[in-house]
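First the structure, in the form of structure tokens, and then the observations on it.
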Amino acid sequence: MKGDHFLIITLAILAFATFLASAYDPSPLQDFCVAVKDIKSGVFVNGKFCKDPKLANANDFFFSGLQNPRNTKNPVGSNVTAVNVDNLEGLNTLGISLARIDFAPNGLNPPHTHPRATEILVVLEGTLYVGFVTSNGDGNRLFTKVLNKGDVFVFPIGLIHFQLNVGHVNAVAFAGLSSQNPGVITIANAVFGSKPPINPDVLTKAFQVDNKVVDYLQKQFWYDNN
């Protein structure tokens, strides 16, 4: 009887754990979604409202133009063309998006994160030096690789990563992302180009530099290549 009693308790605990594991919050599809007590004051869903499926057509699932090179004459020498739910409505709820990245020689896709997506990148032309940095708990380890045409590299969700064209010709890569709206946080732009600016005392302490350095960096124009 004791064995049967133990088995029943064990099964009950496992069943309860399974219930907890399946009861989760939906993944965020935007930076935040503030709750409202009165729905009449404004309603916004986590993501996009859906069209009546009977009114959908092929154009809702179609995007054209990724075969065209983008202009890379900018301070970072790169240009990202995103295909996500904002310009391809059929991606809504499907959990996937795409980007074309063009690089001039020595062009850089600066250190950035995608808060809502893992990225898988394939090089179509050129040679890229790519890498990501792990979290504090993992010791901020740097993983890097030099990629040539046809090579593939994965950047785990939320981790800071970058791509640099180390070749002498233009480079092109395509990236798949595991969210309809992966989001982009370019580290330098966010830290030194926020609106309004972060208190310089915070950055001076965080980066252990003179406040003149922080003042200089906050006065720079931080180009957004997306």
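Placed from the backbone N, Cα and C atoms, the Cβ positions cover glycine too.
The oxalate binding site annotation in TrEMBL covers Asn109, His114, Glu119. Counting only same-chain residues at least 6 apart in sequence, those with a Cβ under 8 Å from the Cβ of Asn109 (oxalate binding site) are Val76, Ser78, Val80, Ile101, Phe103, Phe162, Gln163, Leu164, Asn225.
What TrEMBL lists as Mn(2+) binding site is His112, His114, Glu119, His161. Non-local contacts of His114 (oxalate binding site) by the CB criterion (under 8 A, 6+ apart in sequence, same chain) comprise Phe155, Ile157, Gly158, Leu177, Ser179, Pro182, Gly183, Val184, Ile185.
Sequence annotations record features per position, and here TrEMBL assigns disulfide bond to Cys33-Cys50.
TrEMBL lists 1-23 with the feature signal peptide.
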Long-range Cβ list for Glu119 (oxalate binding site), cut-off under 8 Å, min separation 6+ in sequence, same chain only, gives Val154, Phe155, His161, Ala175, Gly176, Leu177, Ser178, Pro182
Across every protein chain in view, the count of C-beta atoms other than its own within 10 A of the C-beta of His112 (Mn(2+) binding site) is 21
CA pair Cys50 (disulfide bond) / His112 (Mn(2+) binding site), Å rounded to integer, equals 30
